[in-house]
Amino acid sequence: MNSKLTLAQRVNILRASVMGANDGIISVAGIVVGVAGASASNYGIFISGIAGMLAGTVSMAMGEYVSVSTQKDSEKQAVAEEKSRLKLNYEHEFELVKQNYLAQGIRPDLAQKATEEMMQKDPLVTTVRERYGLNINEIIDPYAAAIASMVSFPTGSLLPMLAITLFPEKIKIIATFIAVLLALALTGLGAAILSKADKKQGIIRNVISGTLTMAVTYLIGKIIGG
């Protein structure tokens with residue numbers, strides 16, 4: 001496998017970074033706004049935010065590592081099985097690739113020629129892609145994904161913590177809401193672009209989830225704080 005990251009791998013790492021920052025913004029915003037609703041001091045709010053940031057950073061990094069490791073193990077198993085199939089029955093795998101091309105509407109003569117060229121170039125990459133829909137060169141490194149989350153989560157967490165502690169008392173809640181929602185709009189846009197999804201829906205969904213998170217935790221904080 002190529003030692004350099006492919007474009008797809010870079011995009012996947014970038015996606016993990018965007019989602020990590022997004023989770024950091026929402027999670028810590030919910031914590032600090034909830035604590036602020038209970039009328040805690042700025043120091044208490046900041047400490048709560050730090051605790052949430054540290055816990056979230058470790059949780060996100062470990063979760064990303066376990067998730068991607070499981071995915072990578074499954075993909076490696078698929079590659080190993082396909083290697084065995086190619087050794088035992090190359091003709092069958094050749095026919096599988098050819099039939100896949102025919103199913104896509106390619107003319108029989110072109111399907112035969114394309115299969116011959118692809119199988120001559122790299123039979124393992126070709127058969128794994130056609131049988132499992134996997135690209136061997138796009139398997140993600142779990143360590144890279146974990147590091148991306150470990151860096152992006154606390155980075156995203158800084159915004160709500162700074163907003164809630166630096167703005168004046170009278171406007172800190174509303175200012176934090178606005179700052180967080182603007183940031184969530186950006187991460188929602190980024191996630192939509194990377195996923196090739198509808199940008200407007202991605203932004204709206206992210207902003208709504210952030211609004212509900214902060215509103216609910218703030219109300220709970222108000223109730224508990226009396």
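Easy rule for this one: first residue shown is 1, then count along the chain.
Every residue, even glycine, has its Cβ placed from backbone N, Cα and C.
Residues or ranges marked as transmembrane segment by TrEMBL: 12-37 (among others). Proximity of distant same-chain residues to the transmembrane segment (12-37), defined by a Cβ-Cβ separation under 8 Å and at least 6 residues beyond the stretch ends, is recorded for 5, 44-46, 48-49, 51-53, 56-57, 60, 64, 138, 140, 144-145, 148-157, 159-161, 164, 172-173, 176-177, 180, 183-184, 187-188, 190-191, 194-195, 206, 209-210, 213-214, 216-222, 225.
Residues or ranges marked as transmembrane segment by TrEMBL: 43-66 (among others).
Residues or ranges marked as transmembrane segment in TrEMBL: 143-167 (among others). Panel annotation: around the transmembrane segment (143-167), residues 5, 9, 12-14, 16-25, 27-29, 32-33, 36, 42, 45-46, 49-50, 52-54, 56-57, 60-65, 67-68, 173, 175-176, 179-180, 183, 187 of the same chain, lying at least six beyond its termini, place a Cβ under 8 Å from a Cβ of the stretch.
Residues annotated as transmembrane segment in TrEMBL: 173-194 (among others).
Per TrEMBL, the feature transmembrane segment maps to 206-225 (among others). Sequence-distant contacts of the transmembrane segment (206-225), counting only residues of its own chain at least 6 positions beyond either end whose CB sits under 8 Å from a CB of the stretch, comprise 22, 25-26, 29-31, 33-40, 173, 176-177, 180-181, 184-185, 187-188, 191.
Residues 11, 14-15, 18-19, 21-22, 25-26, 29, 32-33, 36-37, 156, 159-160, 163-164, 167, 201-207, 209-211, 214, 218 of the same chain sit 6 or more residues outside the transmembrane segment (173-194) yet have a Cβ under 8 Å from a Cβ within it.
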